[in-house]
Amino acid sequence: MVEVVPASVALEPAVALLEAGDLVAMPTETVYGLAGDATNGAAVARIFEAKGRPRFNPLIAHVASIAMAEEIASFDPLSRKLAEAFWPGPITIVLPLRAGSKVHPLATAGLDTVAVRMPDGFARELIGRFGRPLAAPSANRSGRISPTTAAAVADDLGDRIRLVVDGGPAPVGVESTIVKVEDGQVRILRPGGISAEEIEALIGAPVLRQTGKGTIEAPGMMTSHYAPHASVRLNAANVRPGEALLAFGPNRAAGAGKAIAVRNLSERGDLREAAANLFSYLDELDRAGAGTIAVEPVPIAGLGEAINDRLMRAAAPRDLDRT
Ligand code: TXA
Ligand code: MG
């Protein structure tokens with residue numbers, strides 16, 4: 001059985017498991033991660049196995065310092081500026097793998113780049129103590145909602161892992177923003193906890209968005225993802241019989257009183273609060289037994305971009321290919 005241990009006393013047991021090539025579910029400021037030694041092929045294989053994740057989907061290497069990042073990746077000046085401004089924090093930077101990098105090729109899916117992030121709080125402390133980068137995808141089975149609480153991890157993966165570190169609800173609530181610098185420009189491969197506007201304010205130039213569906217730059221960005229069991233209906237102006245409602249802001253969709261369950265992402269229309277609540281509310285509405293979750297419109301500015309991205313994936317047609 002899985003043990004759920006408060007972060008205050010989890011450092012030693014977590015390090016011991018990682019040293020043994022085993023996995024630890026750890027809190028980060030974005031979502032809970034399923035962590036293993038990024039330099040140990042067997043540990044990385046265990047991550048894929050526990051998630052049921054397609055092997056070609058590479059993992060983020062989490063580091064405790066810029067010095068640790070430099071052991072595995074090469075920084076251009078703009079990437080370094082992003083790291084210095086936003087780390088520790090919810091941004092992942094895709095960088096060329098450094099020659100001699102000890103990150104196992106299974107973790108990078110054989111690419112010549114590596115996605116690097118310095119998380120905040122317990123995760124960073126754990127990596128610092130362990131002394132090597134941790135590969136960590138979100139701690140959910142492939143295709144399901146990312147967990148923002150220890151209980152959600154235990155529910156989804158409890159039969160496959162030994163330790164969940166409980167650091168309370170994840171404060172950001174959506175995954176990190178993934179960026180890549182190309183020809184001196186910042187491109188967003190996945191919207192997330194740092195908004196495009198924040199990056200633009202730092203660099204004084206517009207960022208580029210992921211375009212088209214031809215090439216999947218962040219290979220995990222398949223269309224159906226973050227899927228609850230219920231189907232999801234976006235931009236709902238009304239609630240149909242039998243639906244649950246995911247609301248946003250002070251005004252309700254028509255027929256909201258008939259919804260079988262209602263959660264409001266943010267009563268006062270605050271996008272940060274909405275991001276923090278997104279995955280746990282989808283999960284709660286799912287558990288209410290709705291066939292469909294109707295979702296009120298959420299504005300696209302700031303963190304709304306990441307929220308709408310996750311909602312669109314939750315609503316996308318499902319197939320066996322989802323991860
Ligand atoms: O907030 C987060 O980023 C969380 C926490 C646990 O840190 N992690 C997370 O990992 O969301 P995961 O594995 O669920 O998503 C990582 C994404 C995937 O879409 C993957 O394809 C992409 O990062 N990725 C990894 N390495 C890449 C690379 N070298 N180039 C482009 N995309 C990459
Ligand atoms: Mg994920």
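In case you wondered, yes, glycine gets a Cβ from its N, Cα and C as well.
TrEMBL: automatically predicted annotations, no manual curation.
The L-threonine binding site annotation in TrEMBL covers THR30, HIS62, ARG117, ALA136, SER176. Under DSSP, ALA136 (L-threonine binding site) is assigned to coil, being neither helix nor strand in the three-state scheme.
According to DSSP, ARG53 (ATP binding site) sits in a coil region rather than a helix or strand. The Cβ neighbour count for ARG53 (ATP binding site), using a 10 Å radius and every protein chain shown, is 19. Feature annotation from TrEMBL assigns ATP binding site to ARG53, ASN57, THR113, SER138, SER146, ARG190, TYR226.
The annotation domain 'YrdC-like' is assigned in TrEMBL to 8-194.
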Least Cβ-crowded entry, counting other Cβ within 10 Å, from the binding-site residues listed as HIS62, ARG117, ARG190: ARG190
Where the C-beta lies under 6 angstroms from ligand 1, the matching binding-site residues among THR30, ARG53, ALA136: THR30, ALA136
In the chain carrying SER138 (ATP binding site), residues 6 or more apart in sequence that have Cβ under 8 angstroms from it: VAL31, TYR32, GLY33, LEU34, SER146, PRO147, GLU175
Cα-Cα distance linking SER176 (L-threonine binding site) and THR113 (ATP binding site), given in Å to the nearest integer: 17
Listed binding-site residues adjacent to ligand 2, that is, members of HIS62, ARG117, SER138 whose C-beta is under 6 A away: SER138
Which binding-site residues sit within 10 Å of ARG117 (L-threonine binding site) - Cα, from ARG53, ASN57, ARG190: none
